[in-house]
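Engineer: Below is one structure. I have some questions about it.
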Amino acid sequence: MTLCYALLWKPPRLSRAPNRPASARSTLFPPGRPPYKRRRRPAGQQHSRRNVLNVRLVWRHLVQDVHGLCRMFQTFVSAVGARFFSDAALFTLLIAAPVVVIYSSRALPTVLLFALLFTMLYGFAVSFEGRGMSVREGTKFALNPASLPYWALSVLALILYAGASAFWAIEPEFAADQAIKMLITFVIVVVLLRLMPPLDEDRLRYTAPFGIALAATILIVELGTSGVLRSYFYGANPAYLNRSVVTVSLLMWPALAVTTGRFATLQKVGVLALVVCAVAVSSSLASLFAIAAGLFVLALAYISNRLAAFGVVAVTAAAFVAMPMTAKLISDLAIETGVDTMVDMSTERRLEIWEAFSRAALEHPVFGWGLEASRYFGLRELPGVTWTIGPVHHPHNPILQIWVELGAIGVLLAAIAMIGIILGIGRMPAARRPYAYGAAAATLAISMVSHGAWQTWWISLLMLLVALFNIREEYPGARGAGGREAATPASSD
């Protein structure tokens, strides 16, 4: 019996501080309650307190892990160095971009993402080395919308309006997805514009012309052999290379603009000759038209920059305002004069497409049919539209497509953005301005005869052109276009 009592007996609970003086114990326990009896909390309150303690413990460990990862990241970036990331970003933009698009124009957004990654790592490395802005300051600078130039604000407004058109678009979800893609591309290029590493070593003078020369040479080989490598992926039709020809012919202009140093003139002539040969061998009439327009404006800019700017702005304004009427007029004149029977089937088909989309644009002239509505003409019955040419993805005229889908409001925003970019060329270094005017004319020429306005590769190409023309030149001992003057990006206009 005594053994049973000994096993079942429990000692009384003592207070946590049994050696406290009586005065202290009296303040901890209310009168009449023994000091060795602890006040019990309700069960729910005990669980709540335990949960709070667990959350705090988890948060403390999470913060410690994040700090550890940040230290590891800083160690890695500092060990690799800013020079490596700078070279990687410039290599991606100036060499990889024109070569990769030969085999896949849709890979251009991916190339921009890699360039953004290397550019951000370059910014981190410079910050960790104490040579530039801190990470917080750099982030605010890169993403601050208040400091955007007015042409960039116009582009942003156009993208937001295009997204808003999803409310009356034929396929709202598809229109919203396309607007989100455009917005992401815009943000990527804005960050590239502000954080892109400069051309600050003499060896980098030859990077841009080498990239375009390499791309043009590969294009000539592919076109001459019916796509010796590309045919494995896309077939032997050389028309599949038309996008690549357009891309290389436009990327040629910023490459010429940043070509400086010894034998710069010889390099420019060689690059121009290779690109012209590639365009001549191809079946891309749009690229041929763009090269001709760009070279004409380039010659005009060497005579007078103001004259070139006025001419490009005037043609841009006229093209945006009168495109539906102009496209319909050209188609009607071709039919009445019999020119449509003298051209090839592709051109005749394009004239029919322009005439049909011009009529559709005049049905909703103010707000348009909504983003990406062009691909549904001929597939669905639309009120007020008589469609006889079958389904077409886009009108092969980006300006006309803006009229059809976004109406006069979208055309106004796009025209303001384009004219703002052209006027901003006047803030560039003097040596770059003629090539920038040539690029604007070439881009406008292609926008009037070929491709779709919202194709991802086309939007990425236009954004990349703006970014490349704003690469800073900080060569050691350089002055003028390659020195302090070029250190101010033209996007600050």
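Using the three backbone atoms N, Cα and C, a Cβ is placed for every residue, glycine included.
Okay, these came from TrEMBL:
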- 17-48: region 'Disordered' (REGION)
- 35-48: compositional bias 'Basic residues' (COMPBIAS)
- 84-103: transmembrane segment (TRANSMEM)
- 110-128: transmembrane segment (TRANSMEM)
- 148-170: transmembrane segment (TRANSMEM)
- 179-196: transmembrane segment (TRANSMEM)
- 208-233: transmembrane segment (TRANSMEM)
- 271-414: domain 'O-antigen ligase-related' (DOMAIN)
- 271-300: transmembrane segment (TRANSMEM)
- 307-327: transmembrane segment (TRANSMEM)
- 402-423: transmembrane segment (TRANSMEM)
- 435-454: transmembrane segment (TRANSMEM)
Engineer: Which sequence positions outside the transmembrane segment (179-196), separated from its termini by at least 6 residues, show Cβ-Cβ distances below 8 Å to it?
Structural biologist: 89, 93, 109, 112-113, 115-116, 119-120, 122-123, 138, 141-143, 148, 152, 155-156, 159-160, 162-163, 166, 371, 454, 456, 459-460, 463-464, 466-467, 470-472, 489, 491
Engineer: Which value does the mean pLDDT take for the domain 'O-antigen ligase-related' (271-414) in this predicted structure?
Structural biologist: 81
Engineer: With contact taken as 3 or more Cβ pairs under 8 angstroms (pairs 6 or more apart in sequence), are the transmembrane segment (402-423) and the transmembrane segment (148-170) in contact?
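Structural biologist: These two stretches do touch.
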Engineer: Other than its close neighbours in sequence, what residues sit by the transmembrane segment (271-300), given a CB gap under 8 Å and a spacing of at least six beyond its ends?
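Structural biologist: Result: 209, 212-213, 216-217, 219-220, 223-224, 238-239, 241-242, 245-246, 248-250, 252-253, 255-256, 259, 307-308, 311-312, 347, 434-435, 437-446, 449-451.
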